[in-house]
Amino acid sequence: MNATKELTFNLLNKFQDKERFGSAQRHAGISLKGFISGILFSFLYFLFQLSLFIILRSRFKTIYQANVVLKIHPGSKVCFAKKKIKNYWSLFAFLKQLPGRMLDPMEKFERNERYGLDNYLFLRFLKLLIFFFAVLSIINIPILIPIHYFSRDILKENEGERYEQSFRTTSKLDKWTMSNLSPNSSNTLICHLFLSIFVVLWFHFILSSELRFVNRLGYSVLTKSKYQNILYLEGFSSKLVTQSISLETFFQPLHSDCFGVTHFIPKNLKKVHKLEIKLNKLQKSKEQIIFEIILEKYFRRVSIHRHLIANHKRFFFSKLKNHLLFQYKKLVFLTQFRISYYCTKIRLRWKKSSIFPLYYPKLYVNTETILERKYRILDKIIRKEKLIKFQVNSLKATSETKQALPDDLSSGTDIYMDKMFITFKSTLLSNVIGELLSYRLPTQNLKVIIGPNVNDIIWRNILDSSPLWKSAKYFSANILRIFVIIGWILPVAFLGLISQIPNISSLIPFTKIIHFQSPFIREVAKNLIPIVTLIIIIEIVPYFFRWLSYLRGLKTGAQIEADVQNWYFVFVFIHLFVVVTISSGFSIIIERLLNNPVSIPALLANDLPKCANFFCSFVLIRGMAYAGGNLLRIKELLFELFYYKWKRSTPHAQFKRLKTSLFFQLGSIYPIFSVLGCIGIIYSVVAPIILLLCCISFSMVFFSFSYLFKYQYNKENYSETFGKLYIQALMQLYAGIYFMEFCLLGLFTLFDQYTLSTIMLVVFALTVITHSKISKQIKSKPQRIPTLEYLSNLTEERKDQFCQESYTFHDIFSICRNSDEIWLPRDKLGISEEEQSFLEKSYHLKFDLNMYSMNLFGDCHLENSHLH
């Protein structure tokens, strides 16, 4: 007992002797060897990922070259299966084009781009950060690095202990930062002032030019985008429910002949959606059963016609290889589909006794064959599918019929909700009317969504009609967000515990296994483990914020992405930068600020230079880790090896996976690089070497995303915001500008350079005024209404692009739009044609045999180049 108390007392004393500073400050004084070793280890791991990716990209085309498989990339015209060397030349050609794309900061957006405007602007954001930091590195590094490095390290004793405590360096690495400045070199701070002003001016020049670019580009993209002539209205006057004539009269004064069709949301729509989900599952099951029947017949018939495999190759070893491969494929098929058959062949049934009023168990052996059982299941599925189709069509027909009923307010409010979709005959008029309705009076409870993509709508939140329940969810989500931001100090505090491993291992015997004896490994672990742990901790949070945005009742995925971006940026900036920099916990920050509210500049001036080594490592390691993960896609690779390789998926399922295996949720991607950009801005003067590291890091990430968009990404971005995420990301960089100005304000004060402090205070005030004006301009200016200058430059042909088609009830309200057409793979034995003929006569089903073909081993391959 006494030993336990003594151990606890020693441990607490050990930690109590340590200052309560941020975990990033423990990297102050790290040797140059330790810094380079951590970077080198991460770079070697990135090279390993890159090498593995180059080897695997030709073997797993569905993961790494989906666009080549889908025939939508120009390089797909080459037969990659016959000449695998072409894969490597294709990659080298892509690498050859990459520097030119990176050096062109004003690369234009092509309207036929598959990945949409938001994804294009994200690539532009990465390129913009590269260009922004490259210019700063060219100017700041040659000036500031010599000033920092050759400043005197030894301070005179009578010049004050506060400078010695705050700025004395312990390694060559710290000599590259402002930590190496002494009071005698305070005259050189004028260079830091001018360069910081240049950073602010350069940022505002980039910001203003990009805002103008996004506004011009957004208008041109809107003209050709689908669903942009639709308005969603909620809380409209109940007197207008079911009165299409009244609505048309309401909008007539705005513009003659602008009104299209009104679709009120019926209250039974939730029931329709449930039936559609069941119908979609039945359609997938039906296609899967038919596919299994074809495979069953194929493997039986090929076993009889073995010469098809034996004669496929001339040489003996080739014949043996084909035979073994066929037997392996057949074994996989049998283990996957016949186990369930034999499990249901013998059943236990309860039979009533003819003598006593009791039931007794009796074994029942199912005598039907595998094919008979599958045909019986298929017949049952088709009958159930027809019944659900009839129910869905009846409900839709009822809703569509009642849309055209005479005005009956009492019955209308019972049938419909106070929510509707209105289609207009022009995108421009729809956007203008939507913006006018958005500027409602405070007493009105009208909610407007302009141009919602019907595939992006979250119907559960739209169909939620209880005001009390919606308010409860909204306030609960906001409270939980605050708890997540504040309560995440526990995982971040764990990061501080990791950095205390040497202290723990010296006191607790069993923890010595994690205390490395090798000095080199210890330096690598000290530099690398906290960074990797911080990356993992930060990556978990977006899932919480996405769920909380859904809980708030947001009605489209685009709204959720914008909401997640704002909150996740706040979280990442606080925990990745503020908490890690200033202290090991959010509560300690509050405590220090409450005790001395005016100490913010001095606090930053003391702590920021000490954390320069940590963030220099973090920026580069984060970029390499993100780029390597983007290319290798380890999760998809593991699923391919251990799940899809053993699963016989239908052609429709394989095609859907090709199109949807890669998608980006930009709301949780933008904040990561916005915060890294803020860190680069903050340390652009304090530790200018970070500017070069930011360029390298963002270039690697840009390379990985460029490859994904060119060779892999082909999914339509339903959650398109038309540049809103990009504008928010640019405005979030102001956080880096403010913290840089605060830090320099504190540094100038600590060096008794009050003239420089006054100038920096004026710069800070001008930054706040400029930021306020730009924010007001963005909020007050309607983002979807073109300027008069843009409209005056439109030709008659381009004006016609504003005209949009009308949408039916099914187009808007259906959540499952799968075709009834069944895809079957065409085989050389003609089994698919036989099955098609039989099922068309028996059940009047529709088939397509031109999309996929089946090889000799039962594997399906895409044949057609059409995207569905």
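Glycine too: its Cβ is placed from the backbone N, Cα and C atoms.
So that you can see what the record holds, here are the features copied from Swiss-Prot:
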type     : residues : note
TOPO_DOM : 1-34     : topological domain 'Extracellular'
CARBOHYD : Asn2     : N-linked glycosylation site
TRANSMEM : 35-55    : transmembrane segment
TOPO_DOM : 56-127   : topological domain 'Cytoplasmic'
TRANSMEM : 128-148  : transmembrane segment
TOPO_DOM : 149-187  : topological domain 'Extracellular'
CARBOHYD : Asn184   : N-linked glycosylation site
TRANSMEM : 188-208  : transmembrane segment
TOPO_DOM : 209-481  : topological domain 'Cytoplasmic'
TRANSMEM : 482-502  : transmembrane segment
TOPO_DOM : 503-527  : topological domain 'Extracellular'
CARBOHYD : Asn503   : N-linked glycosylation site
TRANSMEM : 528-548  : transmembrane segment
TOPO_DOM : 549-569  : topological domain 'Cytoplasmic'
TRANSMEM : 570-590  : transmembrane segment
TOPO_DOM : 591-611  : topological domain 'Extracellular'
TRANSMEM : 612-632  : transmembrane segment
TOPO_DOM : 633-660  : topological domain 'Cytoplasmic'
TRANSMEM : 661-683  : transmembrane segment
TOPO_DOM : 684-692  : topological domain 'Extracellular'
TRANSMEM : 693-713  : transmembrane segment
TOPO_DOM : 714-730  : topological domain 'Cytoplasmic'
TRANSMEM : 731-751  : transmembrane segment
TRANSMEM : 754-774  : transmembrane segment
TOPO_DOM : 775-868  : topological domain 'Cytoplasmic'
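Counting C-beta pairs under 8 angstroms (sequence separation of 6 or more), the transmembrane segment (188-208) fails to reach the transmembrane segment (693-713), with fewer than 3 such pairs. When the stretches 612-632, 693-713, 731-751, 754-774 are ranked by Cβ pairs under 8 Å to the transmembrane segment (128-148), first place goes to 693-713.
Per-residue confidence over the topological domain 'Cytoplasmic' (714-730) averages 90 (mean pLDDT, predicted model).
Counting residues per DSSP class in helix, strand and coil order gives 7 helix, 0 strand, 10 coil for the topological domain 'Cytoplasmic' (714-730). Remark: the transmembrane segment (731-751) contacts the transmembrane segment (661-683), by the rule of 3 or more CB pairs under 8 A.
Using DSSP to sort the residues of the topological domain 'Extracellular' (684-692) gives these counts of helix, strand and coil: 7 helix, 0 strand, 2 coil. Counted with DSSP, the topological domain 'Cytoplasmic' (633-660) comes out as 22 helix, 0 strand, 6 coil. Distant neighbours of the topological domain 'Extracellular' (684-692): 133-134, 136-137, 140-141, 144-145, 176-178, 192, 195-196, 199, 608-609, 612, 615-616, 619, 740, 743-744; these residues of the same chain sit at least 6 beyond its ends, with a Cβ under 8 Å from one of its Cβ atoms. Long-range contacts of the topological domain 'Cytoplasmic' (633-660) within its own chain (CB-CB distance under 8 A, at least 6 residues past either end) are made by residues 56, 60, 62-64, 66, 69-70, 284, 287-288, 291-292, 295, 332-333, 336-337, 714-715, 822-825, 851-852, 860, 862, 867-868.
In the topological domain 'Cytoplasmic' (549-569), helix, strand and coil residues by DSSP number 16 helix, 1 strand, 4 coil.
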